[in-house]
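Asker: For reference, the structure I am asking about is given below.
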Amino acid sequence: MPSIVIVGAQWGDEGKGKIIDYLAQEADVVIRAQGGNNAGHTVMVEDKKYSFHLLPSGVLFEDKLNIIGNGVVFDPEGFLQEIEVLKKEGINTSNIKIDERVHVIFPYHKRIDQLEEEARGEAQIGTTKKGIGPCYMDKIQRSGIRLGEMIDEEDFKDRLYKQVDDKNKIIEKIYEAEGFEKEAMYETYLKYAREIKKYVTDTTILAHEALKAKKKVLFEGAQGTLLDIDLGTYPYVTSSHPTAGGFPIGAGIGPNQIEQVLGIVKAYTTRVGSGTFPTELDNEVGDKIRIKGNEFGTTTGRPRRCGWFDGVMVRYTTRINGLTAMSLMLLDVLSGFDTLKICTGYELEGEMVAHFPANIKTLGKCKPIYEELPGWEEDITNMKTYEELPENAKKYIERIESYVGVPIKMISVGPKRNQTIIRERLF
């Protein structure tokens with residue numbers, strides 16, 4: 001029963017798409033279990049760049065089963081746009097299955113998301129305005145529409161009309177904005193439902209059967225641990241659980257069916273949107289990392305905030321995910337720096353703090369305590385083995401390992417699939 005969960009162990013954008021794509025070559029099944037199309041992941045195949053927001057990364061392999069699990073919030077319009085891209089590339093899409101339990105994102109979710117964020121003023125939380133939070137809100141208050149209900153043409157109209165009436169009251173009376181016309185939305189989404197119906201099934205059965213048959217199953221994470229609604233830097237978080245604990249629920253499997261948890265971390269730290277960031281470099285060093293690493297959001301295009309590797313943070317995410325291994329991404333970006341820094345503690349009101357605070361006000365008062373390591377000048381993008389890496393690069397990797405307490409089994413030295421150093425195979 002080989003099964004691997006891939007989680008982002010920072011604030012998202014760690015490079016999960018590349019590692020999932022790499023491991024998907026050997027997997028039989030790839031499963032997404034949370035989030036929606038608010039998170040983007042980029043995959044390079046030869047010189048072709050693919051950006052996905054909702055589809056699992058295994059879709060580029062026609063012999064893999066790709067599952068969008070019950071914990072995902074599903075944007076039909078976004079899904080069909082990504083399907084169209086694959087079809088234009090001649091890629092078969094019959095290997096994609098969507099759980100009938102996913103909650104559907106409608107235009108009113110996106111509008112409310114936008115209006116709520118604008119109403120926050122200076123207290124904005126950095127939402128992507130994709131309707132993710134409002135959709136999860138409907139799910140929790142048990143008023144949402146699930147995909148299995150959307151493809152049921154007998155019930156869908158009544159369900160949607162009631163939701164549009166309710167949401168128009170919020171949009172028009174609270175935010176004084178223009179609401180939606182029910183019939184037009186119904187006709188559009190009925191068309192989507194008919195196109196999507198062939199992909200819809202009970203995917204919990206497929207996941208269980210694959211694991212029972214001891215197939216290689218890859219659980220694909222979106223966003224990052226510190227965006228978890230419970231364990232992240234609240235309120236600057238997402239509305240789901242991008243931690244390892246979210247996968248059993250979001251895919252409909254038992255927790256004992258997960259064997260390995262691989263944490264994806266950048267060799268430095270980035271963040272998109274608002275919130276405290278202890279190791280942020282708001283200077284020319286941060287700018288250099290941003291430009292070399294092409295640190296701009298896949299979904300929003302926003303420049304990412306950049307900083308040194310925060311070991312305190314990653315030690316926290318290692319603990320709450322139960323990481324069994326790490327993959328260190330974008331190590332090549334750090335070539336050419338005379339000195340590198342790793343945060344190994346925080347100073348809080350004159351005291352040394354070794355743990356990541358739960359309260360963001362406390363976190364905002366923390367100043368990073370750094371260990372300095374010598375950098376390297378060599379271009380490492382064509383290196384294939386760990387032994388080839390410069391000595392200082394190896395010392396940097398080994399210091400992260402020793403501090404965090406988890407082995408780094410994969411190292412990325414470039415965006416392409418073949419620019420990956422494997423220290424120990426996972427599948």
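Backbone N, Cα and C atoms are what each Cβ position is placed from, and that goes for glycine too.
Sharing the features that Swiss-Prot gives for it:
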- D13: active site, proton acceptor (ACT_SITE)
- H41: active site, proton donor (ACT_SITE)
- 12-18, 40-42, R304, 330-332, 412-414: GTP binding site (BINDING)
- D13, G40: Mg(2+) binding site (BINDING)
- D13, E14, G15, K16, N38, A39, G40, H41, T128, R142, Q223, T238, R302: IMP binding site (BINDING)
- T298, T299, T300, G301, R302, P303, R304: substrate binding site (BINDING)
Asker: If you measure from the C-alpha of T128 (IMP binding site), which of the recorded positions G12, D13, K18, T300, L331 fall inside 10 Å?
Answerer: T300
Asker: Quick check: in three-state DSSP terms, what is K18 (GTP binding site)?
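Answerer: The three-state answer is helix.
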Asker: Using P303 (substrate binding site) as the reference point, find which of the binding-site residues G12, N38, T42 has the shortest Cα-to-Cα distance to it.
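Answerer: Checked the binding-site residues G12, N38, T42; minimum Cα distance to P303 (substrate binding site) goes to G12.
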Asker: Between the Cα atoms of R302 (IMP binding site) and the residue listed as 'active site, proton donor', find the distance and write it as a whole number of Å.
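Answerer: About 14 Å separate the Cα atoms of these two residues.
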Asker: If one looks at the chain holding Q223 (IMP binding site), which residues at least 6 apart in sequence have a CB under 8 angstroms from its CB?
Answerer: G8, G12, G35, N38, A39, T238, S240, P242
Asker: For the binding-site residues listed here (G12, G15, G40, G301, P303), which one has the lowest count of neighbouring CB atoms within 10 Å of its own CB?
Answerer: G301
Asker: Among the binding-site residues G40, T300, G301, R304, report those whose Cα falls within 10 Å of that of K18 (GTP binding site); none is a fine answer.
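Answerer: Those near K18 (GTP binding site) - Cα within 10 Å - do not exist; the answer is none.
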Asker: Can you tell which of the recorded positions G40, H41, R304 lies nearest to G15 (GTP binding site) in space, using Cα positions?
Answerer: H41
Asker: Of D13, G40, H41, T42, L331, V413, which recorded positions are close to R304 (substrate binding site), meaning a Cα within 10 Å of its Cα?
Answerer: D13
Asker: Please report how many Å separate the Cα atom of G40 (Mg(2+) binding site) from that of the residue listed as 'active site, proton acceptor', as a whole number.
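Answerer: Rounded to the nearest whole number, the Cα-Cα distance is 8 Å.
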Asker: Consider the recorded positions D13, T300, G301 and say which one has the Cα lying nearest the Cα of T42 (GTP binding site).
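Answerer: Answer for the nearest of the recorded positions: D13.
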Asker: Here are some binding-site residues: N38, T42, T128, T300. Which one has the most Cβ atoms within 10 Å of its Cβ?
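Answerer: The residue with the most neighbouring Cβ atoms within 10 Å is N38.
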Asker: How far apart, in angstrom, are the most distant Cα atoms among the IMP-binding residues D13, E14, G15, K16, N38, A39, G40, H41, T128, R142, Q223, T238, R302?
Answerer: 34
